[in-house]
Amino acid sequence: MKPDITFYRRFQADILAGRKTITIRDDSESHFQPGQRLMVGQYEDGRPFCEIEVIGVTPVMLAQLNAQHAAQENMTLDALRSVIGEIYPQIERLYVISFSLVRALAG
């Protein structure tokens with residue numbers, strides 16, 4: 001089964017434990033809707049590992065990222081800004097996708 005959204009493998013444990021409850025994406029992934037259930041896979045190999053439900057999608061400027069966003073990503077604000085800069089260089093307008101874990105998949 002092809003995932004609807006992917007995350008780097010390093011984030012899998014935090015998602016499954018409920019420590020990571022948002023993801024910050026660019027315009028290409030801003031189309032998700034509240035209530036939508038997504039199959040989640042690892043970015044590296046596409047292997048599905050859970051299902052999440054989208055709670056909301058909110059636009060945010062890179063400069064507006066704050067400590068609350070960092071806590072929801074389970075990292076420091078400096079680490080969050082660094083990761084976002086690596087993944088989305090030169091992009092200022094982003095989208096916060098908040099989600100909850102529906103179920104983990106047997107692996």
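Every residue gets a Cβ built from N, Cα and C, even glycine.
Pulled from Swiss-Prot:
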- 6-102: domain 'ASCH' (DOMAIN)
- LYS20: active site, proton acceptor (ACT_SITE)
- THR23: active site, nucleophile (ACT_SITE)
- GLU73: active site, proton donor (ACT_SITE)
Cα separation, the residue listed as 'active site, proton donor' to LYS20 (active site, proton acceptor) (Å, whole number): 5
The residue listed as 'active site, nucleophile': tally of other CB atoms within 10 A of its CB: 22
Nearest-integer angstrom distance between the alpha carbons (Cα) of THR23 (active site, nucleophile) and GLU73 (active site, proton donor): 7
Cβ neighbour count within 10 Å of LYS20 (active site, proton acceptor): 19
Spatial neighbours, same chain, of GLU73 (active site, proton donor) - Cβ under 8 Å, 6+ residues apart: LYS20, ILE22, THR23, ILE24, LEU80
